[in-house]
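Asker: This is the structure I have questions about; it appears just below.
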Amino acid sequence: MQRAAVLLTLISTSAALRPEWMPGDYSQTVVGAQTFVEDYNSTAEEVFYFSTEANWKYNTNLTVHNSQQQVIAFLEELEFTEAWCQKAKDTFPDSFIETLNPEVQIILSNIKVLGPANLPTSERERYNTILSQMDSIYSTAKVCRSPEECWSLEPELIDIMANSRSYKRLLYAWEGWHNEAGDHLRSLYPEFVELSNKAFRMDGFSDTGAYWRSLYESLTFEQDLENLFIQLEPLYQNLHAFVRRKLYDFYGPKYINLKGPIPAHLLGNMWSQNWNIYNMMIPFPDKTNVDVTDTMVAQGYNATHMFRVAEEFFTSLGLIPMPDKFWDKSMLEKPSDGRDVVSHASAWDFYNRKDFSKLNRCFMDNEGLIDAVQAFDCSSCDFMNAKKIEKLAKQYDKHIDDELLQIHKNC
Ligand SMILES: *[C@@H]1O[C@H](CO)[C@@H](O)[C@H](O)[C@H]1NC(C)=O
Ligand SMILES: *[C@@H]1O[C@H](CO)[C@@H](O)[C@H](O)[C@H]1NC(C)=O
Ligand SMILES: *[C@@H]1O[C@H](CO)[C@@H](O)[C@H](O)[C@H]1NC(C)=O
Ligand SMILES: *[C@@H]1O[C@H](CO)[C@@H](O)[C@H](O)[C@H]1NC(C)=O
């Protein structure tokens, strides 16, 4: 209890934004808008660096002190976002923004999105509570075969989905998890939709979906997706038919209809995202295996070497090399000095154009390569916008919730 009280005191005393990070006054002119955008850019760089650094410190060393520092930094960032948003709303009405050049238009309209922070305090609190409840339902849902034997999503259910080849066991796991998570989320979701739509309508969007689609900055978004789908469709249909036939050969006509859809629980992944069943599908068994894991193990690959090889690939495509700081500060393996760290992989942009991304990777597996892709991707971004603010805010919200939960548990 005492720790929670300390944390809450810190939260309430840390809410003021330091003066050098406050917006100045700007005129409603082209020059005013330009100056605002430039000032926002240079200030956001400092604020985001400050809060990302604090978040990184916490993620790579989970102590109460680091958590408190991280919460303070997050709240200051929220203050920053709201202060500059409010300033933009007060100074630059939409009708004026429409007269500016497209680049400045996009930046200003993104800064002007306040989202859930538009809501009055009580609704905002309710919104945050719903989000954290949904988060917790999703991450704690368990499938119990008996009071003694319960499976969590990680590691048991994910493992069953990937490795079991028993139709019934897979169905039990899939259905059980969807019932557990889904049924409990169902009662909260409509209220989330209502509050979220209300918030984004206050920013001028017709609903939350319109806001989400606006992040793609394309006026022809639906058509773009349709075109991509049309391009992929022939390949997808062939792949689908091939996979269905292989599943039919294994599970038989009782379970697989050669003219129907594939049951979602047979694809090796709870969400059918990765079709994690290659060993049942090998099209040319006599050809060299495309899975290079064994070869990598035989050649003595370690984590650093994997990342070096990934970098060679990306620089060969013409991308710039990772800065030295990436190699110095990234956490590629779980530290052995006894500290607790967040153990899932993530790529970080520190928003200062210097140490763009560090990587937090504790366990080496196939996903390591995907993370490397994300990290390298970050080295090409150079401007922060509402998208990133939102992503960051979500990330932080979650950490605060997790931390509060943890502290409550410790009491
Ligand atoms: C943002 O600021 C950095 C330097 O602080 C500069 O390199 C970059 O070009 C600026 N971006 C924009 C869009 O003004
Ligand atoms: C972890 O954070 C604590 C502060 O809470 C600090 O004293 C300690 O040195 C840090 N450990 C490492 C390995 O950085
Ligand atoms: C829009 O304005 C910005 C800031 O003044 C400038 O850097 C950019 O080149 C302009 N873009 C166009 C398309 O005029
Ligand atoms: C990782 O592998 C590289 C290349 O094989 C080697 O130079 C390096 O010393 C290895 N590092 C560790 C910590 O084993």
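Glycine is no exception: its Cβ is also placed from the backbone N, Cα and C atoms.
The signal peptide feature in TrEMBL is assigned to 1-16. Annotated N-linked glycosylation site per TrEMBL: Asn61, Asn101, Asn302, in sequence order. What TrEMBL lists as disulfide bond is Cys144-Cys150. Marked as chloride binding site by TrEMBL: Tyr216.
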Asker: Using DSSP reduced to three states, classify Cys150 (disulfide bond) as helix, strand or coil.
Answerer: strand
Asker: Given the glycosylation sites Asn61, Asn101, which one has the fewest other C-beta atoms within 10 angstroms of its C-beta?
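Answerer: Relative to the other glycosylation sites in Asn61, Asn101, Asn101 has the fewest Cβ atoms within 10 Å.
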Asker: Looking at the recorded positions Asn61, Asn101, Tyr216, Asn302, whose Cα is closest in space to that of Cys150 (disulfide bond)?
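Answerer: So, of the listed recorded positions, the one sitting closest to Cys150 (disulfide bond) is Asn61.
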Asker: So among Asn61, Cys144, Tyr216, Asn302, all listed as recorded positions, which is physically nearest to Asn101 (N-linked glycosylation site)? Use the C-alpha atoms.
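Answerer: Minimum Cα distance from Asn101 (N-linked glycosylation site) across Asn61, Cys144, Tyr216, Asn302 lands on Tyr216.
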Asker: Taking the Cα atoms as reference points, how far is Asn302 (N-linked glycosylation site) from Tyr216 (chloride binding site) in Å?
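Answerer: Between the alpha carbons of Asn302 (N-linked glycosylation site) and Tyr216 (chloride binding site) there are 37 Å.
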Asker: Check the recorded positions Asn61, Cys150, Asn302 for any whose Cβ is under 6 angstroms from an atom of ligand 4, and report them in sequence order.
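Answerer: Once distances to ligand 4 are taken from each Cβ, Asn302 fall under 6 Å.
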Asker: Using DSSP with the three-state reduction, classify Cys144 (disulfide bond) as helix, strand or coil.
Answerer: strand
Asker: Do me a favour and check the Cα-Cα span between Asn61 (N-linked glycosylation site) and Cys144 (disulfide bond); whole Å is fine.
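Answerer: Cys144 (disulfide bond) has its Cα 33 Å from the Cα of Asn61 (N-linked glycosylation site).
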Asker: Compute the C-alpha separation of the residue listed as 'chloride binding site' from Cys144 (disulfide bond), stating it in Å without decimals.
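Answerer: Distance between the two Cα atoms comes out at 41 Å.
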Asker: Should Asn61 (N-linked glycosylation site) be counted as helix, strand, or coil on the basis of DSSP?
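Answerer: Assignment for Asn61 (N-linked glycosylation site) reads coil.
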Asker: CB neighbours of Asn302 (N-linked glycosylation site) within 10 A?
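Answerer: Excluding its own Cβ, the number within 10 Å is 12.
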Asker: From the recorded positions listed here (Asn61, Asn101, Cys144, Cys150, Tyr216, Asn302), select those whose CB sits under 6 A from an atom of ligand 3.
Answerer: Asn101
Asker: Checking proximity to ligand 2 here: which recorded positions out of Asn61, Asn101, Cys150 have their Cβ closer than 6 Å to it?
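Answerer: Within range of ligand 2: Asn61.
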Asker: Using a 10 Å radius around its CB, how many other CB atoms surround Tyr216 (chloride binding site)?
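Answerer: Result for Tyr216 (chloride binding site): 12 neighbouring Cβ atoms inside 10 Å.
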Asker: Long-range same-chain neighbours of Cys144 (disulfide bond), Cβ under 8 Å, sequence gap at least 6?
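Answerer: Residues satisfying the criterion: Cys150, Trp151.
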